[in-house]
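> Here it is: the structure, laid out below.
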């Protein structure tokens, strides 16, 4: 079991001020008057200083997480096998393809090995580029081979430094988004500082380096920054085209690097749909964003050899449905309040029905079942009936897929982030409700507008998008802890924007009858600066202590297992075991696997359930027959799974298998009435007794405190 132990000795200026509103600083012909010469110079100086601060903070973040990774593992001092074991579970699987490409005789041979892979799933040849999002590993391996850096930089460092470098891109994108929203780079500085001081809840890159989200989220942040700029008013046509290109490139890279891209962009599409229905975004720009999402996803589909899971995604069905519904209901945004509400309800129902029909049709044509486990999981999670489905329960019992723990909010509150976020969220939600009502009612009476503007802030399109984006991704994070990183990073942006926003402080001061432009300006800068000083004084000593704490990687049992496999088994041997462990076996030894952690394939899920019968109550003959049907030569049993105590009764792997097999669970507690006792003992426990019924099929060839390896007999 992998652990971390204590290391032993011996080994000033602001950017362009807030964007002009649609009613101010605009000539009657619609053109914005030019800035005075002094103002233009000031803007250039401000942008330069803000840009330098952004790049500096991004680079510092990269160095920070890289140092934490080195200090936690003593990565520069441990052996190669230990470095590879530190890439846990699916991280090790993804990195193994980078290693495979590096070690291939040529780039062409390496690509051929990925397209016709027969080592990831025994007795099957699969296309890795179709099944998994590993183009980033392919690109990096090719880059490493062609650049003259082999003598100076090991492949593993080239890989991890690239991921840490992407953290700089991530922080810069968050900084720029906040800057664009507020009009001051002080907001970006505050967003970056919050991201760093809340690192536990904003990123996990330092200990899960190859995870797909660590590749994808920086590009998602860039896409959000580009959308924020696109939604500004008074953009020139050339600026708009360049921004659309930036959105497309970021969307494409995000989609290419993460298998869950379609679900994240579906939430984004829902945000656009809501705002478009409420007339809070320009329809033409929203249409372009729908088209970009579809085209980016389809391009990824082509690169992934027409992956059917992409074609059957809800995102494509939803976006196509919205575009079709728009052509059917052309007068959606005309009429009074009740008229428009009626049209909106019909529009929503039409889009929903079309989405379900199109998606059902595509899945029927393609015979698509790759993502059915996700919908089974969601159905069970939100209480639409209990399930005995093994795959759904496997997700339900993992903490990462549970509700967001309450202690998350106490950590976020310690940096003042959550308090500020809640405050800004409340104010802008009220403002959005008033603006939405005004838009739907179609009221353009001057007296009414003047009364509204006296007490409310007119919500700009970019701020409206940021509001709905953070609400929807907040709901996702609250329901599924693993997705909190999509919310908390944007929380930093949203809170810093609100704290540095002229509109927010103007609204508050007007409500208190204290508004003056000078007072607003003073508060807009003083409150963020005070917040930055508080964060610095409170958390700087802790960051320094964290950077000075030295540990080292320590997992002797797994190291011993991997070394034994490399030294004592044929290179063609096939290994069965848990998904998590087998990913490490492939990376460290290159042996063939029966199953692995990339779970987005129905055949693999069924295969994994069968392999896991080694932890169920099954006869030795049954288990032997199952393992041999997948060409297994060796099976690895783990005491940490066989005698699991990490999960409570009902969520242990052996309990999930018992219920799926119709058997009662071990231990004290209730069982469903139709479950029956098994006639066989638990295989992983009974095999250790060396009874004849087991030894005729299995011979123990390796054992330590954690693992037991058995070789399967080859009966005729």
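For all residues, glycine too, the Cβ spot is worked out from N, Cα and C.
Take a look at what TrEMBL says about it:
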type: COMPBIAS; residues: 1-10; note: compositional bias 'Basic residues'
type: REGION; residues: 1-34; note: region 'Disordered'
type: TRANSMEM; residues: 41-66; note: transmembrane segment
type: TRANSMEM; residues: 179-197; note: transmembrane segment
type: TRANSMEM; residues: 217-235; note: transmembrane segment
type: TRANSMEM; residues: 242-258; note: transmembrane segment
type: TRANSMEM; residues: 264-281; note: transmembrane segment
type: TRANSMEM; residues: 312-329; note: transmembrane segment
type: TRANSMEM; residues: 341-362; note: transmembrane segment
type: TRANSMEM; residues: 416-441; note: transmembrane segment
type: TRANSMEM; residues: 462-481; note: transmembrane segment
type: TRANSMEM; residues: 487-509; note: transmembrane segment
type: TRANSMEM; residues: 521-540; note: transmembrane segment
> For the transmembrane segment (487-509), which partner among 179-197, 341-362, 462-481 gives the most CB pairs under 8 Å?
179-197
> Which of 41-66, 179-197, 264-281, 416-441, 462-481 shares the most C-beta pairs under 8 angstroms with the transmembrane segment (217-235)?
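Comparing 41-66, 179-197, 264-281, 416-441, 462-481: 462-481 has the most Cβ pairs near the transmembrane segment (217-235).
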> If you count Cβ pairs under 8 Å, which stretch among 41-66, 242-258, 264-281, 416-441, 521-540 touches the transmembrane segment (462-481) the most?
264-281
> Given a Cβ distance threshold of under 8 angstroms, which distant residues of the chain, six or more beyond its ends, lie next to the transmembrane segment (179-197)?
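Contacts with the transmembrane segment (179-197): 14-19, 46, 49-50, 53-54, 57-58, 61, 64, 171, 203, 225, 228-229, 232, 415, 417, 462-463, 466, 489, 491-493, 495-497, 499-502, 524-525, 528-529, 531-532, 535-536, 539, 543.
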> What same-chain residues lie close to the transmembrane segment (41-66): Cβ under 8 Å, and 6 or more beyond its ends?
12-16, 35, 160-161, 164-165, 167-172, 175-176, 179, 185, 188-189, 192-193, 195-196, 199, 203, 205-206, 543, 547
> Which sequence-distant residues neighbour the transmembrane segment (416-441)? Criterion: at least 6 residues beyond either end, Cβ under 8 Å.
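Residues 194, 198, 278-280, 336-337, 340-341, 344, 409, 449, 452, 456-459, 463-464, 467-468, 470-471, 491-492, 494-499, 501, 504, 507-508, 531, 534-535.
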